[in-house]
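Trainee: Next up is a structure, given as structure tokens.
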């Protein structure tokens, strides 16, 4: 049985002091979480040490928000697996729509990040998703297929999470219908060809829709943005029914 992964992406939010305060409130709310799931938070790089130094660290895992495909070198503003592992990081988000959009990340670059993450001992959370225009033109399946085939080439599906995040649903308040999201997640699973690969949904996930999302057969977790910034909201999501 696939284990659910409930992940929060804080993006460029939370100072170290704010992260510490958040954890003090959040940790007690997930201490009795069911053992069929795990909780992951991707804080800003500056706040990662706040997590790794927290006494209740066993209750959740840490993810980075990106990763480079080299361990060191002249790569300004990048961060390497070696640096992250030193702070107890277990996961790395790659291919999120924001770096794809703002920094023109290609599927080839995303693939290099994912492959190097795995070879370094991290589990990549590889994001895929279509724009509203692509969806309205009936191109969603083709776009997702390309992103999966190119972005996941030579990766190990047993140490991989794929997050389906329709770009038009991220931070907009618009949520992809659960059945529609499940169809795309089913497509991703078939493309990968490994039934046990963990597939998440992301895009305006909130306490009021988490139960329906997680009732879908091919959705194994969620990648949460804004709702993960509030400890009570994210705890409700993590403790879905």
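Cβ atoms here come from the backbone N, Cα and C positions, even for glycine.
Straight from Swiss-Prot, here's the annotation block:
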ACT_SITE  96  active site, electrophile
ACT_SITE  165  active site, proton acceptor
BINDING   9, 10, 11, 171, 204, 225, 226  substrate binding site
Trainee: Enter the number of other CB atoms within 10 angstroms of the CB of residue 11 (substrate binding site).
Mentor: 17
Trainee: Take the C-alpha atoms of residue 171 (substrate binding site) and the residue listed as 'active site, proton acceptor' and report the distance between them in angstrom, rounded.
Mentor: 11
Trainee: Fewest other CB within 10 angstroms, which one of the binding-site residues 171, 225, 226?
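Mentor: Least crowded of the binding-site residues 171, 225, 226, by Cβ count within 10 Å, is 171.
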Trainee: Round to the nearest Å and give the CA-to-CA distance linking residue 226 (substrate binding site) with residue 165 (active site, proton acceptor).
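Mentor: Cα to Cα, residue 226 (substrate binding site) and residue 165 (active site, proton acceptor) are separated by 14 Å.
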Trainee: Checking the recorded positions 9, 10, 11, 96, 225, which are within 10 Å of the residue listed as 'active site, proton acceptor' at the Cα level?
Mentor: 96
Trainee: Which of these binding-site residues has the least crowded Cβ, counting other Cβ atoms within 10 Å: 9, 204?
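Mentor: If we count Cβ atoms within 10 Å for the binding-site residues 9, 204, the smallest count is at 204.
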Trainee: Find the longest CA to CA distance in the recorded substrate-binding set 9, 10, 11, 171, 204, 225, 226; express it in Å as a whole number.
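Mentor: For the residues that bind substrate, the greatest Cα distance is 14 Å.
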